[in-house]
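Undergrad: Quick one: structure below, then a few questions.
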Amino acid sequence: MQKQLAKMKQSLFDQGYLDEQFIQLEDLQDDANPNFVEEVVTLYYRDSVRLVQNIEQALEKNPLDFSKLEGYMHQFKGSSSSFGAKKVKTECTQFREYCRAGNAEGCKRTFQELKKEYATLKKKLEVYFQLARQAGPVEKACRPK
Amino acid sequence: MSGGVTTEMKFHVLAVDDSIIDRKLIERLLKTSSYQVTVVESGVKALEYLGLLDDEKSNTKSDTNSTTWNQNEIQVNMIITDYCMPGITGYDLLRKIKESTVLKDIPVVIMSSENVPSRINSCLEHGAEDFFLKPVQQSDVNKLRPHLMREKEKGKENQFNSINKRKPIEECLSPDRTRIRFNNDLVA
């Protein structure tokens with residue numbers, strides 16, 4: 001079970017879904033707080049629903065308020081990077097660049113990508129956490145690569 | 001060591017961040033380092049907690065909460081705050097704290113996701129102890145202890161509930177600089 005979990009984690013890292021920050025969070029887990037990372041991720045997906053909706057609405061306006069969009073994306077990027085959501089973070093960065101360039105099409109296109117990455121990560125982490133719960137307490141020495 | 005057990009002084013850190021995720025993270029990071037933590041979601045809430053917002057109001061507040069935000073009882077040893085927040089920014093908060101006669105010696109650390117040298121310099125120039133780039137990590141939080149220990153060594157021990165004093169206070173403290181809670185036994 002542990003091996004399976006480790007393999008899955010390695011895969012998430014190799015494919016670029018997660019970065020070092022995820023490990024930082026896992027290192028904060030202990031007997032008293034064994035599911036800290038899962039709690040953070042759950043909180044993230046719950047809290048960002050509103051933000052995604054706001055961005056979607058803002059993208060429907062004409063002309064786009066790039067400043068507002070950049071502000072939203074700053075938040076999104078911040079919380080995504082706080083738990084190591086690498087691909088989501090990358091899309092956020094791209095989005096902000098398009099905002100700065102005033103590129104509406106770029107923004108809309110990137111946001112579609114962002115939502116895809118956001119949803120994919122959610123599914124993968126759901127599996128990961130389920131596996132983690134089944135596997136029991138994970139040794140902290142389980143660092144990928 | 002003056003015989004027996006040395007009381008582990010728990011430093012109390014006030015963390016300020018408008019992001020719920022980052023609040024959860026900083027709280028966990030600080031607790032892992034055995035700090036006592038209070039987390040608030042805005043600069044305004046921080047000022048309220050510190051008693052800088054409305055003195056009369058905070059003193060007459062009678063909460064049924066377990067946390068009584070009575071200015072006289074609150075002892076904060078460090079403030080760590082996000083820079084970019086709606087309303088009062090971390091920078092504004094820093095300025096207000098450093099302008100306060102009561103609170104100006106509390107170390108303030110700024111966190112930001114943006115690496116802007118002018119911003120960092122400005123914060124440091126205005127008295128910030130340190131500046132952390134987000135996402136914050138354990139290694140950043142480990143840097144806090146020296147700042148806290150230094151303030152302690154400067155003779156701020158009377159800000160703590162000092163039961164076990166490890167050594168007598170050698171320097172002479174000017175009364176208005178410190179919030180003196182015990183009017184006696186400052187000497188071992």
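A Cβ is built for glycine as well, from the same backbone N, Cα and C atoms used for every other residue.
Annotations for this protein, taken from TrEMBL, read as follows:
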DOMAIN    A:33-128  domain 'HPt'
MOD_RES   A:HIS74  phosphohistidine
COILED    A:104-131  coiled coil
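Any idea what these are sitting next to in the structure?
TA: Annotation note: A:HIS74 (phosphohistidine) sits in a helical segment as assigned by DSSP. Taking Cβ-Cβ distances under 8 Å and a sequence separation of 6 or more, the neighbours of A:HIS74 (phosphohistidine) in its chain are A:ARG96.
Sequence-distant contacts of the coiled coil (A:104-131) (same chain, six or more residues past either end, CB-CB distance under 8 Å): 1, 4-5, 8-9, 12, 17, 35, 37-38, 41, 45, 48, 52, 55-56, 59, 63-64, 66, 69, 76, 85, 87-88, 91-92, 94-95, 97-98.
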